[in-house]
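Colleague: According to Swiss-Prot, the feature transmembrane segment maps to 14-34, an assignment based on sequence analysis. Summarising the annotation, Swiss-Prot assigns N-linked glycosylation site to Asn198, Asn218, Asn268, Asn281. Residues or ranges marked as heme binding site by Swiss-Prot: Cys430.
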Amino acid sequence: MLPTLPNIAGRINTMATFLLPVAIGTIILLFLYGKYVTSTLIPGPPTLPLIGNLHQLPSDDRRHVLAQWHKKHGPIISLKFGWSSVVILGNIAVTKELFGKRSLKYGSRPRMVMARDCMTKQMQTSTLPWGEKWKIHNRIQLSLVGGPKIRSYQSLLDIESCKVLYQLLSTESLVTCFNRFKFNIIYTLAYGKDPDQNESDFHEILELADHFTQTLTNATWVVDLFPILNCLPRRLAPWKAVGDDFHRRAMGWFRRNSEAAVKSNSWNWTKHVQFNEDTGNLSVSEMQYLIGVLFEAGVDSTATVLHFFVLACTLYPDAVTKARQELDKVVGSARLPTPKDLPQLPYVKAFIQEVLRWRPITAEGLPHFTLEDDKYQGYDIPKGSTVIFNYWSGHMDEDTYQHADQFCPERWIERPDLPLGVFGYGRRACAGRRLALMSLETLIPKLLWAFDFRSPAGTDHGKSRDPGTEHQGALIKPRSFPVSWHPVSNDRRLIIERLFQERDKDLDTVLDDIGKAFERY
């Protein structure tokens, strides 16, 4: 992803060498030592003129190359792409310090020509620089997916998680079940519409989200390396047509659903934002966009985490046994687990944390941009620097996580202070992290309680092997692996079927109850 991230050229401090009279040489050297001893350039691999380090990074999977550079040069390295310098952070403690504690300095974004200017017309929240517009976007999104009000969504999460369990009784496609889980939640909340009655919207938004990430990660857009080229006329700038086509399609989807949501009888995010939130000087199109992009951020990422959960179940059956024993002791076999049980389920909670750490779903995060000069561990990080967190290296760091390549929920019980940086830090941390975690903590305990996930009989004697991972757009996903699943018992199958039939099918009533609870918080 790195070469496609638009960057702003970093300023590099250099020391000039002067011919000095011998008589005062010692005095000047001492002066320079006192001034510069703590001012050191960030290390990194050697570069070539014009292209920098582009030739050293593979186009598909950069994790191993970056890991080698971090091992050689340390947790903070500097790379060059075209005219732009990029600082890469490969350690969670360093990232937490800079992006978290020093968030005022690191809380902006560099210019992202293809992503921000061409494809989203400066309406995609995650690409906006620090300023009043981003503050409004972030405040509204946090009010919907990040604050205490998300507790009001629990009834909908229970309905959708039970729906996943019921579908798994008969389907052969984990992909569809997991993709629909988060889509159904956000679609229902955003627009007050029944997702089961709008199948085409599901496929269209997945296609748009995939197109956005594929466009950004499968090609090195020259305009991101040399932003001045965006001044060229359209006939000499083919990326402009690509961006315009994407924006037209995305805006059409957002507008169509938003206009229907305003006319809906039930409570939904769109109506709440339009009539209850202070939207400043945002246009109607921008309000529609900032709600719509919540799909891009949440649907595919949650599904990917769930796929890694299933992979962990097939590779580490002993961990599944421990989790299920805990569930049987606390919950029993007569009902499904709920989030209220989690305080009494430390191993199950640790299982979820370890899934998130063991296989981060993205290699590198979106770039941060420094608003002030900074100095860290003797390194100068000038104002206008692009700084990126290497999620994969950070969560595979042996200094932080012993035997980091192993799936080990026990580590979170033995060391509850371990950091988990998958949602980022500071101002630019994932706005929907609380809803994402709430969704996983609702569904995964139910999956552990209800199903056995195993390698099919006859597949390497029933033993599963790690298939490895692959990049699909901006996400890291498991390569295809054989898996079969069946209910833990027939009694649990019957409970799933009964709860599915008894679920509240009146969506307007569900949403109105959510709306009343939402407004009370």
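Note that Cβ sites are derived from N, Cα and C of the backbone, with glycine treated the same way.
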Colleague: Select the most exposed residue of Asn198, Asn268, Asn281, where exposure means the fewest other Cβ atoms within 10 Å, treating these as the glycosylation sites.
Modeller: Asn281
Colleague: Sort the glycosylation sites Asn198, Asn268, Asn281 by C-alpha distance from Cys430 (heme binding site) and give me just the closest.
Modeller: Asn268
Colleague: Tell me the Cα distance separating Asn268 (N-linked glycosylation site) from Asn281 (N-linked glycosylation site), rounded to the nearest angstrom.
Modeller: 22
Colleague: Hey, what's the Cβ neighbour count for the residue listed as 'heme binding site' at 10 Å?
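Modeller: So the number of other Cβ atoms within 10 Å of the residue listed as 'heme binding site' is 20.
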Colleague: Calculate the distance in Å between the alpha carbons (Cα) of Asn198 (N-linked glycosylation site) and Asn268 (N-linked glycosylation site), and round it to a whole number.
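Modeller: Taking the Cα atoms only, Asn198 (N-linked glycosylation site) lies 16 Å from Asn268 (N-linked glycosylation site).
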